Amino acid sequence: MLSSIKCVLVGDSAVGKTSLLVRFTSETFPEAYKPTVYENTGVDVFMDGIQISLGLWDTAGNDAFRSIRPLSYQQADVVLMCYSVANHNSFLNLKNKWISEIRSNLPCTPVLVVATQTDQREVGPHRASCINAIEGKRLAQDVRAKGYLECSALSNRGVQQVFECAVRTAVNQARRRNRRKLFSINECKIF
């Protein structure tokens, strides 16, 4: 079982990655938007009674930081690819930009697709044109993600589940990797 997990969040600017992290780690919602260049934090979580140190790496969605973003990918155990349900470009960019960047840097790391700002479906100027869950699940299948989740950092809906799923996904991936090592035959001798 992993004692520490590195979780990296990627996606376009202003899709709610930082708000999601702040809500999860401090149970507050940031009132003002502040673009992220690069930030990381950590929390201790428990899974099946075992304490795990969860490292959370918030990346810049802005293309101006494309060259330094891969530094945060090193040794990641799970990636959360985030888009806003109220921003079609952020949704399209998961397939057209983010998945290729992740796969070129982390070819074997599990990815979860996370729809953020789901409160916008109920209130807000974009509610009629918001991306629905069916479209999100289809995208997750198209990019071969391990799962699809929805959340709203503003209303604190689904936030806990996102990180529970991230931890469980990383742990399961590590177990599969260890099982393969255990059962792989490197050398065969006949006596």
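Each Cβ is built from the backbone N, Cα and C atoms, and glycine gets one as well.
Swiss-Prot annotations:
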| type | residues | note |
| --- | --- | --- |
| BINDING | 11-18, 58-62, 116-119 | GTP binding site |
| MOTIF | 33-41 | motif 'Effector region' |
| REGION | 73-86 | region 'Interaction with ZAP70' |
| LIPID | CYS188 | S-geranylgeranyl cysteine |
| MOD_RES | CYS188 | cysteine methyl ester |
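The structure, with features from Swiss-Prot marked on it.
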residue : record           : DSSP (3 states)
GLY11   : GTP binding site : coil
LYS17   : GTP binding site : helix
THR59   : GTP binding site : strand
THR118  : GTP binding site : helix
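Figure note: comparing Cβ neighbours within 10 Å for the binding-site residues THR59, ASN62, the maximum is reached by THR59. The local packing around ALA14 (GTP binding site), expressed as other Cβ atoms within 10 Å of its Cβ over all shown chains, amounts to 17. Across the region 'Interaction with ZAP70' (73-86), DSSP classifies residues as 1 helix, 7 strand, 6 coil. Of all the Cβ atoms in the protein chains shown, 23 others lie within 10 Å of the Cβ of THR118 (GTP binding site).
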